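First up is the structure itself, then whatever we jot down about it.
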Amino acid sequence: MSFSDLLDDIGGQGRFQFINTILLIIPGIIMASHPLLQNFSAAVPDHHCQTAYIPVDEGTKLSKCLQFSKPQWHLTFENGSFFNISETQKIPCQHGWSYDRTEFSETIVTEWNLVCDLRHLRQMSQSIYMGGVLFGALIFGSLSDKFGRRTILTWSYLQVGVVGTCTSFSPSFEIFCILRFLTGMAVSGAVLNAVCLNVEWVPIRSRTIFGTLYAFSFSIGQMVLAGVAYTIRDWRKLQLAVSCPMLLCFMYSWWLPESARWLTLKNKPDQALRQIKKVARINGLANKGKLVTLEVLKRHMQKEVESSKVIYTIYDLFRTPMMRRITLCLMTLWCCNSFAFYGLIMDLQKFGVSVFLVQLIFAAIDFPVKLFASASLMYLGRRRTLGGCMLLAGIMIISNAFISYDMKALRTSLAVLGKGLFGAAFTGVYIFTGELYPTVLRQTGMGFGSTLARVGSMTAPLIRMFEDHLPSLPGIIYGAVPIIAAFVVIFLPETLNMPLPETIDDVELMDEILNIQPYWIDFTIHRGPSNISPNPFF
């Protein structure tokens, strides 16, 4: 017997699970804006030196970064061309820049002149935000195992709301970057603990459904961002609009029940029992809830409780052979998928069409692709779905690198499909990670995996700097990395319809079974959630 069986007894897909998921989805929708805010708050409008003496770069297009050193009164205009412009002395802009404010009234680029020699600071600010996400994964992942899922989740909601609001009043670029770092920390903590709190309250057969429902919050949030950014063209007001609502989420988050698994492992079975009875009552199964006693709960959690007496650290993710194999593979998948995903979506202006429209399409594609991925996760399994999504996405992105910029429709279409597949892969890797790691290390493993994802997302904006030397190089790199990583899944066991492992010994049992029947040569199509083997890892 496992805790999953107990959840089935009190309503595994009941009213509580849906209410709990919806209450976790709402802040997920809001927080989805923060990683992508850079596309609007740091948009780069057309610009030129703030002077009357501006040379021409291409055709009749004014130079963005150069001006004449002195008035060129001797130049004459004839047949649409300047005479001897190449022979005149040009210098960098001396008196600032003039910006086209047709699309955006104010961005951090226009406010702090992050153009020309300072243009790389724009990419750096996004890397700093992702650095905060990385740090948050390291800190909040471990803290939630110590202080509880709900406690850290509630704090993270408060931090996103307060720090995000303060960001809109940043007096300088340096303060802006510091506050964005802190916002990234909080977003990471909130997402990690929301996923864990969601997974630990649903039984085996419902994990894919509720995990995918939560993943849709980010797709909805991206669509909402497109509408909000279209309405609010000033970066400070936009920052305020996507941060203040988190304070409301903080206020209702106290209703969310703490994980009964975690409470039991922390020697708080009385509190866990109260939460279980509360869930049974909400699901309309109060009578069954009354049958659950401390003895029943301890019997279902016996193996996990015994394992919890040992103190676990990140070292334990590498200590045993199967744990080491799983961790190394998941490190690669998290890092590479995040690297390619953020490399693709963090520069929407390069497609040459409205950034608001591209943002909306990028978000909308998630729905059909993730629905397909959800079905694939349930019937084809985690490994084939995850590997297939990353492989196809990589092929589309690398193809885009060789298509002319004039073919805007084709380039945008391939990018949209690639983005959708990367999003589906994220859904898969979140679910897969939670199912591969044992309960005693699940949150630590999720935090470590997310940490590696942030390493990828931090690196992704910096690759854009190579565009100055070879415009197609970033696209080639963003496409090649996930293609290589897709083949890593062959070294992982399939977890479809398998109970969550409770201890490290359970994980090592997977290795014994793999030696008998390798999963990567098993091409059987799983027949849905009802196909549960008597052997929990076979």
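Glycine is no exception: its Cβ is also placed from the backbone N, Cα and C atoms.
What TrEMBL says about this one:
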type: TRANSMEM; residues: 16-37; note: transmembrane segment
type: DOMAIN; residues: 73-497; note: domain 'Major facilitator superfamily (MFS) profile'
type: TRANSMEM; residues: 127-144; note: transmembrane segment
type: TRANSMEM; residues: 178-197; note: transmembrane segment
type: TRANSMEM; residues: 209-232; note: transmembrane segment
type: TRANSMEM; residues: 238-256; note: transmembrane segment
type: TRANSMEM; residues: 326-345; note: transmembrane segment
type: TRANSMEM; residues: 351-373; note: transmembrane segment
type: TRANSMEM; residues: 385-403; note: transmembrane segment
type: TRANSMEM; residues: 409-432; note: transmembrane segment
type: TRANSMEM; residues: 475-492; note: transmembrane segment
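Against the transmembrane segment (16-37), the recorded stretches 209-232, 326-345, 385-403, 409-432 differ in Cβ pairs under 8 Å, and the greatest number is found for 209-232. Contact counts against the transmembrane segment (178-197), taken as Cβ pairs under 8 Å, peak for 209-232 among the stretches 209-232, 385-403, 475-492. The listed stretches are 127-144, 326-345, 385-403, 409-432, 475-492; of these, 409-432 has the most Cβ pairs under 8 Å to the transmembrane segment (209-232).
Long-range neighbours of the transmembrane segment (326-345) within the same chain, counting only residues 6 or more positions beyond its ends whose Cβ lies under 8 Å from a Cβ of the stretch, are 35-36, 39, 130, 317-318, 362, 386, 390, 393-394, 397, 415, 418-419, 422-423, 425-426, 429, 432-433, 436-437, 445, 448-450, 452-457, 459-461, 463-464, 474, 477-479, 481-482, 484-485, 488-489, 491-492, 507. With a cut-off of 8 Å between Cβ atoms, the residues of this chain six or more beyond the transmembrane segment (475-492) that come close are 325-326, 329-330, 332-333, 335-337, 339-340, 343-344, 382-384, 386-388, 390-391, 393-401, 422, 425, 432, 436, 460, 463, 466, 519-520. A Cβ distance under 8 Å defines the sequence-distant neighbours of the transmembrane segment (409-432), meaning residues of its chain 6+ beyond its ends; these are 195, 207-208, 211-212, 215, 218-219, 330, 333-334, 337-338, 340-341, 344-345, 351, 353, 358, 361-362, 365-366, 368-370, 372-374, 377, 382-383, 385-386, 389-390, 392-394, 396-397, 399-400, 403, 449, 482, 492, 495. Long-range contacts of the transmembrane segment (127-144) within the same chain, counting only residues at least 6 positions beyond its ends with a Cβ under 8 Å from a Cβ of the stretch, are 34-35, 38, 151-153, 156, 177, 180-189, 192-193, 196, 342, 443-444, 446-448, 450-451, 453-455, 457-462.
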